[in-house]
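Database features (Swiss-Prot):
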{"type": "BINDING", "residues": "35, 36, 37, 38, 39, 40, 41, 42", "note": "ATP binding site"}
{"type": "DOMAIN", "residues": "3-237", "note": "domain 'ABC transporter'"}
């Protein structure tokens, strides 16, 4: 089922949570709403579900206007960050709940409910926990049960609000990969909210980056990471270094340093913002931006080097492989020069 969001606005008092959101999500697509706290991503998800009313605009599900339809009429499954499982019910009863509370004319026979619940328990690989209660489960197991409960009513759209936010890092990583595999098998249109860039880039078909109630960019993981549309996207997704400078003759001028811009067809400008990721910063002793090594931090197979520019214009972070770090023989307090091997340019 496709989702079409047309010029959705929403305010809470004087605060504008959403400012004219337009977005189309294809049938069977898995889309991440990514952004910082307060950007409007959860509000948008709740409006799609029918849990929140928009001030203006339309929500179309499979071409039908559902803007004013009750949540029960939208055939939407919702998974909350904190599971929202019924503690007094067993796992089996939690999953069956949505089917058993349907009006009598829409309620499946009990045998069909039991068959459906058993299928879902096997789907989420927790059939051996059917008689347990939520308090006896781990966080990861609870979230799988919450997902099974959402799927029990056979929704046309699955919405997930920070589904892994309450879990530790290792469980989060395992569960998001499991969710991707599950989605590939079910092909149900899914939208999930997250503030975790790595999570969005790894799981989603497309990422919608929101900021201050507006969409900054929509694209694949590669598009938003390698080709950010705005300075906000560039700074929000992944680590990045910011340099202030200007453009002249197809070159970036950062202080006294000149960097060729072969991929940027920009006219001369007196003010420009240049961004380079830590792994795009080269460290040497020739020409470049003078800097002093202030800290060295080893992170698995990589080494992060924190540097302070000698011209007083801020700090720079570089990332080297352990092999490259060993060749440079860098130590704390060394005076070096840095040179971005690749930069992205924006006009302020």
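Glycine residues also receive a Cβ, built from the backbone N, Cα and C atoms like all the rest.
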Using the Cβ center of 35, 36, 37, 38, 39, 40, 41, 42 as the ATP site position, which other residues in that chain lie within 8 Å, going by their Cβ?
195, 210, 211
Would you pick out, from the binding-site residues 35, 36, 38, the residue whose Cβ has the largest number of other Cβ atoms within 10 Å?
35
Cβ packing number for residue 37 (ATP binding site), 10 Å threshold:
7
Helix, strand or coil by DSSP: which one applies to residue 42 (ATP binding site)?
helix
Cβ neighbours of residue 39 (ATP binding site) where a neighbour is any other Cβ within 10 Å:
24
Fewest-neighbour residue among binding-site residues, criterion Cβ within 10 Å, set 40, 41, 42:
42
Quick one: average pLDDT across the domain 'ABC transporter' (3-237), no decimals.
92
